[in-house]
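Notes follow the structure.
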Amino acid sequence: MDKENFTRLRGELFCDHPLARYTSWRVGGKAERFYRPADLFDLQDFLTQLPSDEPLTWLGLGSNVLIRDGGIKGTVILTLNRLKELSVVNSQLAFREKSGTEDFFSGNGKTIIRAEAGVTCAKLAKFCVSQGLEDGAFFAGIPGTVGGALAMNAGAFGGETWRTVIGVETMNHQGEILKRTPDEFKIHYRQVEGLENQFFIAGYFCFNHGDPDKAKTAINALLKKRNLSQPIGKYSCGSVFRNPPGDYAARLIESAGLKGKSIGSAEVSEKHANFILNKGNASAADIEALIHYVAQHVSQIHGIQLVKEVHIIGRS
């Protein structure tokens with residue numbers, strides 16, 4: 001499908017579009033089609049004009065994904081700074097009837113925030129501070145968007161996304177928006193089941209009121225801790241592997257002697273062993289090969305099979 005096949009679009013549609021610049025690893029091939037919607041309503045218009053069997057891939061900050069060098073079949077939709085609405089919502093409108101969780105809406109010192117999928121978690125954390133909501137500070141440590149955080153139950157510094165969620169909006173392939181509650185999903189550590197060929201487009205988050213100064217202090221402390229322990233400013237995806245029960249992936253990788261291990265220009269970080277860096281000219285194939293090497297070596301040394309946190313997509 002070419003651009004002339006679409007009407008009424010206010011966003012930007014590209015064909016055969018390079019994707020590396022949209023990922024934090026700065027690697028990956030091209031998308032057959034790439035769409036940057038103007039907003040949520042424009043996205044709906046776009047989806048209604050796509051064939052029902054068109055493969056869809058959703059991309060936010062590109063921080064938890066490895067796109068293979070052969071690129072992606074179908075259409076890639078960029079949500080970052082496109083689905084960007086962020087606001088305190090009227091408690092009377094947010095899931096009262098469907099959820100049955102009256103305690104969320106009774107005042108009770110709580111505030112409900114609606115954040116669309118393309119809002120960065122860092123921006124959500126800062127918004128929480130502006131509202132004096134101390135328990136949203138952990139979002140500052142998640143290097144991604146709200147959509148990605150919802151899709152994988154992202155977490156940082158002891159906080160997890162779905163502990164704060166009271167409802168979500170999803171969109172299906174036809175552009176229809178559905179409101180759903182947490183009990184419709186199976187929530188696990190870094191995994192969410194039950195999306196059923198839909199995509200998260202917004203989340204409703206419930207936070208406790210607190211001291212704004214304490215909230216700001218909490219974020220600054222978390223960011224300082226992250227900067228000391230992680231290779232911030234380098235081309236990476238964040239954590240590559242999930243932490244196994246009762247242990248840490250970084251400890252297992254480091255104790256296996258893999259810090260500094262490289263394949264091509266992909267390298268296990270010397271600062272944090274659960275980070276793989278693109279030293280400048282790595283291919284997606286280099287990074288994927290190093291991921292497999294690390295997992296295999298840790299399994300041989302420790303007898304523990306690490307599970308990938310990063311999503312690997314596209315064609316080789």
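For all residues, glycine too, the Cβ spot is worked out from N, Cα and C.
For R190 (among others), the entry in Swiss-Prot reads active site, with the evidence type sequence analysis. Here the Cβ of R190 (active site) has 18 other Cβ atoms within 10 Å, regardless of which shown protein chain they belong to.
The active site, proton donor annotation in Swiss-Prot covers S239. S239 (active site, proton donor) carries neither a helix nor a strand DSSP state and counts as coil. All chains included, 23 other C-beta atoms sit within 10 angstroms of the C-beta of S239 (active site, proton donor).
Per Swiss-Prot, the feature active site maps to E309 (among others); the stated evidence is sequence analysis. E309 (active site) falls within neither a helix nor a strand when secondary structure is assigned with DSSP, and so counts as coil. Around E309 (active site), the same-chain residues at least 6 positions away in sequence with a Cβ under 8 Å from its Cβ are N64, M152, R190, G238, S239, V240, F241, R242.
The domain 'FAD-binding PCMH-type' feature in Swiss-Prot is assigned to 27-225; the stated evidence is sequence analysis. Per-residue pLDDT, averaged along the domain 'FAD-binding PCMH-type' (27-225), amounts to 90 for this model.
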